[in-house]
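I have placed the structure first, in the form of structure tokens, so that the comments after it can refer back to it.
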């Protein structure tokens, strides 16, 4: 069984924020695979589905981002899901907007939703679908948290459906072929000299403020 988790913050006031692109992606996935209606449990809402012939649970934690692990870990225990069967969809500052990349394992790179899941589960050895939202543009007034807790601009909104479609297709590919094969298909690298920081296999060093255990906690000091 697969447990596919989309990260975000509950409430209408957060629904269109960059930080909620994981929620958006899990909703798009639910539509694509015709999942059952979402029901409340595990401090979140979950739905049953079949993806590429596998039974799956789609989960949206309703704990606010910083406490996502309080929802994910009980769901894993209840459904007897191993870390290798967990897929987390989340926003990624270190990828340009519209870029979707797969990754297995690693740390949280300053993402407080991942931080909570790793803390509660005791391991980071699970799959991630990273949806790029980019870093704040030059001249942005505010902290990184203010940026991810703000809406997409008009150009981004026009491209967002394609980004969500990429995320959905990535999950379908993982379910059908496994992470390694899916990464070979989905993590297409740019031409030499065109590589963006953070692209590829997710192994690039995060920005200084986002390194584990150093600097202020980025994206989600606010809910």
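Using N, Cα and C of the backbone, Cβ positions are placed for all residues, glycine too.
Of the given residue ranges 142-182, 183-223, Swiss-Prot assigns the label region 'Disordered' to 183-223.
In the three-state DSSP classification, residue 91 (site 'Stabilizes the basic form of H active site to accept a proton') falls within a strand.
Here the Cα atom of residue 14 (tRNA binding site) is found 14 Å from that of residue 91 (site 'Stabilizes the basic form of H active site to accept a proton'). Local packing around the recorded positions 9, 66, 112 was summarised as the count of other Cβ atoms within 10 Å of each Cβ; on this measure the leading residue is 9. Calculated from their C-alpha atoms, the gap between residue 64 (tRNA binding site) and residue 9 (site 'Discriminates between blocked and unblocked aminoacyl-tRNA') amounts to 5 Å. In this entry, 14, 64, 66, 112 make up the residues listed for tRNA, with the farthest two CA atoms of the set 16 Å from each other.
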